[in-house]
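See below for the structure under consideration.
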Amino acid sequence: MNTLLMHCRPGFEGEVCAEIAEHAATLEIPGYAKSKPASAHVEFVCQDADGAERLMRRLRFADLIFPRQWARGPGFIELPESQRIEVLLAELASYPVCGSLWLEVLDTNAGKEVSTFCRKFEKPLRAALVKAGRLQEDPALPRLLLTFRSGREVFVGLAEPRNSALWPMGIPRLKFPREAPSRSTLKLEEAWHQFIPRSEWDKRLAPDMLAVDLGAAPGGWTWQLVNREMRVTAVDNGPMAENLMYSGLVDHQKVDGYQYRPRQRVDWMVCDIVEKPARTGALIETWIGEGLCREAVVNLKLPMKQRYAEVRKILQRLRESFDARGLKVAIGCKQLYHDREEVTCHLRRLER
């Protein structure tokens, strides 16, 4: 199992290659990354047979920015037109018994076509794996991840459930709320799923908390905050959706989001303004560093070519700034499924 397969947003293969190559070099695990443009996946081929397993053991998947999902295996294998299950059972003879099964496809148009095959194939495959003793429901065992590039080509991979994506392919199935004024609302909801354990939502996303939404109009992110019954200051020169204003929980301030400062410390600051990432990074530094908020979810827009390098530079600058202030801040950064040319950062001040 010398190959690490990583899913990603189409067009961001280069960022995944740069990110995993840097980590592998730091960990002294030799190998090389390979990908094709807009293929929505990257393979990192390790020189050592156990290289992919060592990478997964030494890295926290949650700390990776651009990969949506990962799995280790020997690479893609060919399947015949018939007797696919028999071939897979033979391939799995050297694998450990697995505790769960996910059939995955790539986030491409071809992948959408393959998903129909996967839905039909999963039930008989699952039954065959259970009968052969290769699959038993146990969250402590590795997860079997079968990534189909077509009905005839599959990556037979493994990953630990606690150190891989929360959802198949890293894609959450969130329902767009009809009352929300824009689809951007799903970005904030996904961020909460990604960065906050569900068991902590009632405590950290509680009613009557104070929140500020910078660049709020028309209110996609504000809607999520109001839905949690928070009191929100929506900062934007543009108009807000009427249903949000009627809630009685929103104070609309028509000022520049980068200039606004709250009169008192708030629980949450969220920001989805289209601006250069360095300027937004400085905004994060001010709000968290000066204690204007306890937690923040902020999007960094990435129109430039060296996108991974830019994100890494901003995150490093934030860490150095907080260290210099003597602050303990948890920082997470991920390109979410609902993100486009951007990444989402989550920051939380931790009391020393």
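Yeah, the Cβs are placed from backbone N, Cα and C, and that goes for glycine too.
Just so it is clear, the model here is predicted, and its values are computed rather than measured.
S-adenosyl-L-methionine is bound by Ser184, Ala217, Pro218, Gly219, Gly220, Asp256, Asp272 in Swiss-Prot, and the record lists one more residue there from Asp202, Asp208, Asp236, which is Asp236. Note on proximity: among Ser184, Gly220, Asp236, Asp256, the binding-site residues of the record, the Cα nearest Lys301 (active site, proton acceptor) is that of Ser184.
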